[in-house]
DNA sequence: CTTCTTATTGCAAATGATTTGCACTTGCAA
DNA sequence: TTGCAAGTGCAAATCATTTGCAATAAGAAG
């Protein structure tokens, strides 16, 4: 069952007062279906498979609009390209497999707690954070 | 005494077999003096104060060459520009003050340890990592 | 000190990702 | 169904960074 999503991106767009155009419908569909963290070029490619002719500038503009409304999250990993994922319900961090480029999500309450603690020790409070572990699979083969 | 550096960047360049040109001498001097994490434009500006006429392409090329030889570290914070610092002797992570843009270094053995542990649990080994805490000062005023 | 080789530089043009101006289209509230 | 702001396509602009090429200069060898 790929459709265990509580609320679809289209619904959330409506709630935010964004117009649902033909091209947006496709973009949102692609985003909802994506379990990875595609960049704009990849999104545009996937959109084009469903409905050709959508301009890549439209994809850029749509992603910016969605990010403004906190409906998606933007990431910039070390490849220097902006990547996106539908706004997660739970915060998480990322492994990036340096050999395959694959992005895997993870979450550690303990690390989160330590971050808060260290920030506090330095007189800061955390606004947001980014933890990326660039990894490779442990050799077992 | 600002010169408590164990080894100057110029020395390390010589050891790496890089030629010490006039423009490099200035760039390295600026880098050694920098306690922040300047981007190329800022470096170029500081170099220009000491010796005008150094081309920004030279700064880019020099930074790339230094990074190749692990004499500096490159960072890309959320502003999307490449920033540099002389290669630190000890690994550290960064606070970024979202109000001032200031970058502060910190280090936590415990977080480092936890990262290793989590990676291991997922069948990974860490190649490198990036931890950035975007923070603001705790209100005490 | 001169000579030679090759790394380095300056400049301008190229690149690659992303944004924007503008005229045209379309969602959707009234 | 109409009106208009929001959205779109397209091409040109922008911004950071890289690159080709001809000229220069470091530094090793003599």
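Placement of Cβ uses the backbone N, Cα and C atoms for every residue, glycine included.
Feature annotations, reproduced from TrEMBL:
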BINDING   B:91, B:93, B:112, B:129  Fe cation binding site
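Other C-beta atoms found within 10 angstroms of the C-beta of residue B:93 (Fe cation binding site) number 20, with every protein chain shown included. Contact annotation for chain A: of the listed binding-site residues (B:91, B:93, B:112, B:129), B:129 place their CB atoms under 8 A from a CB atom of that chain.
Under the DSSP three-state reduction, residue B:129 (Fe cation binding site) is assigned to strand. Counted within 10 Å of its Cβ, the other Cβ atoms near residue B:112 (Fe cation binding site) come to 15, all protein chains included. Candidate binding-site residues: B:91, B:129. Fewest other C-beta atoms within 10 angstroms, B:91.
Taking the centroid of the Cβ atoms of B:91, B:93, B:112, B:129 as the Fe cation site, the other same-chain residues with Cβ within 8 Å of it are B:92, B:107, B:111, B:115, B:131.
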